[in-house]
There are 2 protein chains.
Amino acid sequence: MSTKQTVNIAVVGATGAVGGKIVKLLEDKNLPVDTLKLLSSKRSAGKTLSFKGQSVTVEEATPESFEGIDIALFSAGGSISKELAPEAVKRGAVVVDNTSAFRMDENVPLVVPEVNPEDIQKHNGIIANPNCSTIQMVVALKPILDKYGLGRVIVSTYQAVSGAGANAVIELEEQSKQYLNKQEMEANLLPVKGDKKHYPIAFNALPQIDVFQENGYTFEEMKMINETKKIMHLPELPVAATCVRLPFFTSHAESVYIEVEKEGVTVQDIQAELAGFDGIELQDDPSNQVYPTPLSAANKEEVFVGRIRKDLDNDKGFHLWIVSDNLLKGAAWNTVQIAQALIRNNWL
Amino acid sequence: MSTKQTVNIAVVGATGAVGGKIVKLLEDKNLPVDTLKLLSSKRSAGKTLSFKGQSVTVEEATPESFEGIDIALFSAGGSISKELAPEAVKRGAVVVDNTSAFRMDENVPLVVPEVNPEDIQKHNGIIANPNCSTIQMVVALKPILDKYGLGRVIVSTYQAVSGAGANAVIELEEQSKQYLNKQEMEANLLPVKGDKKHYPIAFNALPQIDVFQENGYTFEEMKMINETKKIMHLPELPVAATCVRLPFFTSHAESVYIEVEKEGVTVQDIQAELAGFDGIELQDDPSNQVYPTPLSAANKEEVFVGRIRKDLDNDKGFHLWIVSDNLLKGAAWNTVQIAQALIRNNWL
């Protein structure tokens, strides 16, 4: 791209929950959009979305859709990305991909702008957006890493159903009504669409997000482990994850144990680093019952951190409670932040 | 007590959720009860409960209520226990107390019958029943400790509202209906009755159970830490806990990281020890999506364990998912098991 002042942007999966939030953020954050092209499957084509007061008709995504596009934001599932992202790149677009299709590809930067913005410019046409549960954790860990070093990470997650898509949201609503009306709950989707068994999520907890791998970990757990190492450029960092789906709609929460490398670090030291870091809001005042929750973090862009405690046995150990809106910072907002950086730095 | 074949039992707090389950278990497990006395506050006195086909009228608990009682099972809150348990002991009863009033008293054994049954006979009139979230964890850890040693424990909990009492159950129901009807949720009780602020639990997660201590940990977290060390007779064992209240009614779940002391232990080794241990049911078959959940564990007496994985960085590290009914094994059933042991071994 030359140094022109505006860009042509395509959003693939525009009718989905994340796609819709991307379109809204492109408008709210006032990105210098010349043409906005909204793309979807054939099934959703023809719908309209509003953008800057104009009605934009959603078109079926084809390889030719990307002619003239500078930035293509993909959020329509891994198979669509695998098929169409190379076509977009071939036509000169830079792709920001919100699926797991390219995240562990060593030619593809995996980026959280607060953590590794310098990796954006290393792209070869595709930049991957990390998994939602990974993003919020690495934002919170980055200022601690920079100041005190990181020796290990153990995370247990508390994840919202919207991470499994709009139909999972409907399933939680329907099952909740069924349970409260003393009817049997119908489970057709969670924990994983397409897996063999389905269990109710309403008034329950499911220790399975995404499919199981050979090693007994779920794919979600392995995403958190591998993506954290890649984003933070710490391939040897010990990271462990247990991922659990819970009956709330928005925001993931995480109980995270870390060990820093320096000795004698205090809770106040950690709080000070987090409070001064772009993208984090510290909510940590136990005496006034101040801590983040999924409901309090919903519809906000920040990563919220509270319940910071020093481990009672390990001087280098700390416990944190990290909460963020999984559809915003965990998906749409991180994607739009990458697009902003591409434009602002002329890295297209 | 002499070696008589039947005992007189009092249940204090008989009209509460745990008290009702104790009465049912005394009948279901066929304890050799001669007289059953049901006690409560003045407010609940006069209600009737069924026991072995008879209607038993609940009486107001007074010091004199314990005349002639062999075993008094207390489940009516810490202040009632502090006031009346010594009165019961003075009159010759052995008290099994379900509150936190005496748990850390060094003259009071803290007992989970699968873990430290030998401590029951050391009582000086009072035996304490541990916190619900502690009980299920130590049951799962005991066979691992015995065979492979334990070097550390880090737990993040997923706890049901029934642990906060019957009114918390009603609050979750009411808030769920309000949310689904697009009304504002009314929060009057959780996270902690009597604390300054209240937050909605429906479709949310609250990282506060019980009040905060000076050190930033909640009392629930300190209970898990201190009680685990006491029950397992491992005062130096590093234990860390983060306790979170969640919108389900029954059963607590726990994501637990442990380090064993022996090298080269496998997942199959851990599974074998757990499967062969009394009180545990292994539910661990990821390829068939078999793992415990709060709903699947409800109304059952066992501690269920699944998702057993070896840490990917530490040969001695393992991750477990532990679920049990907080009102049964976490409270009523553990209490009745202690009463059974007192009678069977003539330890009154």
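Placed from the backbone N, Cα and C atoms, the Cβ positions cover glycine too.
What you are looking at is a predicted structure, and each value in this text was computed from that prediction instead of being measured.
Annotated features in TrEMBL:
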ACT_SITE  A:Cys132  active site, acyl-thioester intermediate
ACT_SITE  A:His252  active site, proton acceptor
BINDING   A:Thr15, A:Gly16, A:Ala17, A:Val18, A:Arg43, A:Ser44, A:Ser162, A:Gly163, A:Asn326  NADP(+) binding site
BINDING   A:Arg103  phosphate binding site
BINDING   A:Gln159, A:Arg245  substrate binding site
DOMAIN    A:8-123  domain 'Semialdehyde dehydrogenase NAD-binding'
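All features noted in TrEMBL, drawn onto the structure.
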{"residue": "A:Thr15", "record": "NADP(+) binding site", "DSSP (3 states)": "coil"}
{"residue": "A:Arg43", "record": "NADP(+) binding site", "DSSP (3 states)": "coil"}
{"residue": "A:Arg103", "record": "phosphate binding site", "DSSP (3 states)": "coil"}
{"residue": "A:Cys132", "record": "active site, acyl-thioester intermediate", "DSSP (3 states)": "helix"}
{"residue": "A:Gln159", "record": "substrate binding site", "DSSP (3 states)": "strand"}
{"residue": "A:Arg245", "record": "substrate binding site", "DSSP (3 states)": "strand"}
{"residue": "A:His252", "record": "active site, proton acceptor", "DSSP (3 states)": "strand"}
{"residue": "A:Asn326", "record": "NADP(+) binding site", "DSSP (3 states)": "coil"}
Check your understanding: Expressed to the nearest Å, what is the distance separating A:Asn326 (NADP(+) binding site) and A:Cys132 (active site, acyl-thioester intermediate) at their Cα atoms?
Key -> 6
Review point. Including all protein chains displayed, how many Cβ atoms other than that of the residue listed as 'active site, acyl-thioester intermediate' lie within 10 Å of its Cβ?
Key: 29
Revision key, fill the gap. On the domain 'Semialdehyde dehydrogenase NAD-binding' (A:8-123), the mean of the pLDDT values is 97
Revision key, fill the gap. Spacing of the two Cα atoms, A:Ala17 (NADP(+) binding site) and A:Arg245 (substrate binding site), in whole angstrom, works out to 18
Exercise for review: Do me a favour and check the Cα-Cα span between A:Arg43 (NADP(+) binding site) and A:Arg103 (phosphate binding site); whole Å is fine.
Suggested key: 27
Check your understanding: Per DSSP, how many helix, strand and coil residues does the domain 'Semialdehyde dehydrogenase NAD-binding' (A:8-123) have?
Key -> 35 helix, 32 strand, 49 coil
**Study point:** Pairwise Cα distance for A:Cys132 (active site, acyl-thioester intermediate)/A:Arg245 (substrate binding site) [Å, integer]
**Key:** 13
Review point. Which of A:Arg43, A:Arg103, A:Arg245, A:His252 has the fewest nearby Cβ atoms, counting only those within 10 Å, among these recorded positions?
Key: A:Arg43
Practice item. Starting from the Cβ of A:Asn326 (NADP(+) binding site), draw a 10 Å sphere and report how many other Cβ atoms land inside it. Key: 28
